[in-house]
C-alpha cells in the first residue's frame, strides 16, 4: 500500500485508523509507532526501514482487506537505529503511548512526542562530536538567493545573500548542511540533486511578512535593524521558513536561538566549490577526513574548538586587524608557554556549547549538568593562568569567559557526583538539597530495614529455613518458600504465584507495607522530577553568558592549538602587507610534509606587480601540483591567523583563491571532463582580480593539441595582461614558456629532475627558468609501462623530433614566420594520440594495443 485514501479509513481496524491518521500528519518521515516494548512501522515505512536498517519485514494480519507490511524494533535499542537513520539523512517521528491502557476504550491514546531530523539533532549520541550539524534553508528570488543556516545544537544562526549559482554552490559546499529546506518554486535543482536530506517546502512558508513576524517573535524585538538583516529580504525569507521548521520539530521554546548574524562574502576570502575540493581543506578527494589541512592543524582539546577551527578554515578573513590580534595572542602563548597549561584546563571543559543548548531545549540529561558543573568549577584556575596575559585579545577572552560561582554552588548542592544517565528512575538530586525529598527517601529506605526484620521474624515463627521476602514489578512484595517446605506455611499466608521449585505468598502486613513503600517511592520520584525541572529554570537566566563563555573557550582552544602546532611543526608568523603580492621563503606543503617518507624540499615563491604570473614546467610527479597547492594553503593559513610552514612569508591583500587543478566527468550534470575544466576556467576568467590568487594546472588537455595549446596560451595571456591576477600556471605545453618574452610580468620556473641512465630522480626543487624537457617516457617507465612500449615510444619520439627539426630548418631558410610562433608544426595523428596518453591508466595489455594503434597512425 503506497497511499491511504482518508475516505477509506473506516475499512481499517481502530488501531490502524489511529496509525494512518498520525502518519498522514508526518508523510515525509518514518513513523515509529509504540506498541508495548516495540516501535512498529507499517506499509511503505516498514519496507523502507527494513531496507535501511536491516530488520525483518513481516506482516501484521490484514486491515482494509490487504496484508499490512510490518517491521519492528525494541524500544530500548531505538537510539542506535536513530543514529543510523540520521546518518542516512532520514527523518523520524516517534509516537508514544500517552493514555492509560486500563482506562482506554479502544486503542490507547498515542501522539508524536519527538521528531528527529538530520538537521535538528541535539542528542550527543546522534551527533558527530567534532563537526557542525547544520539545518539550512534556501530561497530563490529574482536577484539571487537567500540562504540561512542554523546549528540547533549551539544556537548559531547565520544568513547570507548570494548573487549567482556559483556563489550558492560554494556556500552549499562550505556549510555542508545535514538537512536543506527549499521552496517548491526553486529552479536550480541540479545544484542540490546529489544532496541527501533535502526537504521541499510550500511557497507560502517563505512569505516575507510571515517570516519577518516569526523572527521578531523569536528574538523579542520590534525590528531586525540591530541584526543588520532588515534589507536582506531573500535571506530573511529563508531564515523565517527555517525557524518555523525548527519550532515544528522541537515543540518547545528555543531560548538559545537569540541572535542572527549576516555573513558577507566580502568579509572573507572567497573560495569557490572547486577550490575547497582541490585544496582538501576538511575533506579529501576521496570523501574522507584524513590527509586534509584540518587533520594537520586540528590538535584542539575540545569538540567546540575543533568545530570552530573548521569554520575558520572554510572562512579565511580579509580583516588584517582581526588576524593580527590572533597572531599576537599566539605569540604570547608561545613565549610564555601558557598554551600547554591552558590546554590542560580546557580539555576538562568538554562540549559546553552543546550542553548549554540542551539545557535551553530542556532535554539535557543528568550527566550534562554534572559536566557543566565540572567545567564551571575549573574557570577560576583557567582565569588565574590568563590573569597575566598582556595580548588584548587574550584579555578580552578572559573577560568573556568569566566565572560562575552561584551556578557552581547550585549544581554542587543539587546534583550527585555520578548521576545516572536518565532522570526516569531518580537518584539524581543530592541528599540535603531538599528536606521533603530526604524525608520521602528515608521512608522508602526505612522500609527496606523493615523487610529484613519481617523476614527474620517469619523464619523464626514458621521454622521455614528457605523463607525470604522478595519484590518484582508485576506482583509487588511477596514471601517466597521452597516447594519442599511449603507444607509448613501458616494458613494466614495467601498464595500469589506458583513457580517450578517455589511458592510465593502475601500476608496483610506485607501488603500494607508495600503500599507505604510504593507511595513513598512514588512521591520521592515525583518530587525529584519536579526539582529537576526547577534546575532548568534556575540555570536558564545565565544562558546568554554561558553561550558566550562556550564561544570564548572554543576560540581560546583554537589559539592554544595554533601555538602548539607552530612550535611542534616549525611554523612561523606570516607578515600581512597592504601591498599586493605574495613572497614566501622556504615554503612547505603542510599536509604532504607530514605524510612524506622522505624530507620535504622547501621552495620559495614571489608574486608581485612585476612578477604576476609564473609559468611552472617540469616532469610529471616532479611536484608542480604540490608546489602550487602549498602556496594557496600557506596563503589561506595566514588569513585564519595561523602560523605557516615557511621560513618567512609576506602576504598582501587577497580577495579570492581559485584552483583549476584536476577534473573528472560530472555525470550527474552530463558534463565531460573537458567541459568541467572549461567551466571552472570560465569562472576564474570572469571573477579574478589583481588581488586574486589563481592556480591553473594543465589547461587544455582534454581536446586536440592545437585547441588545447591555443586555449592555454589565451587564458594565461588574459590572466597576466588583462586581469593581472597572481597566477601559478603549470603546463606541459612548452610553447607557453615563450610567454615571458611577450609579457614583462610573466616569468618561468621549473621543478628539476636528473636522469641517471634510463631512470630519473625528481629533485622537487623550484628553479628559475623553463624546464628543458618533460621526461614523460621516464615517468611512464616508473609507472610500469612495458619496456617494449617504452622502446617504441622512444623511437617514435626521435622520429617526431627529427621531423620538427627539419620543418624548423625549412621555415628559417624560407624566411617566413608562422602567425602562431608558439606552434612549431602540425603534429601527426600519432603525436596527438601520444599527447592524450595517460600511462597511469594503462594495463600492460592496453599498452600493447596502444602501441599497435600508434604504428597504424604513423603509417
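Note: Cβ is positioned from N, Cα and C throughout, glycine not excepted.
What Swiss-Prot says about this protein:
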type	residues	note
BINDING	618, 619, 620, 621, 622, 623, 624, 625	ATP binding site
COMPBIAS	808-819	compositional bias 'Low complexity'
REGION	803-829	region 'Disordered'
Next on the checklist: I want the residues beyond 618, 619, 620, 621, 622, 623, 624, 625 whose C-beta is within 8 angstroms of the mean position of the ATP site's C-beta atoms, in chain order.
Outcome noted: 751, 762
Checklist outcome for this item: Least Cβ-packed of the binding-site residues 618, 619, 622, 623 (other Cβ atoms within 10 Å) is 619
Item to check | Cβ-Cβ distance under 8 Å to residue 621 (ATP binding site), same chain, at least six residues away | outcome: 762, 779, 782
Checklist outcome for this item: Using a 10 Å radius on the Cβ of residue 620 (ATP binding site), the other Cβ atoms enclosed count 22
Checklist entry - Are there any residues in the same chain, six or more apart in sequence, whose C-beta is under 8 angstroms from the C-beta of residue 624 (ATP binding site), and if so which? => result 616, 617, 618, 697, 730, 751
Item to check | Number of Cβ atoms other than its own within 10 Å, given for residue 625 (ATP binding site) | outcome: 21
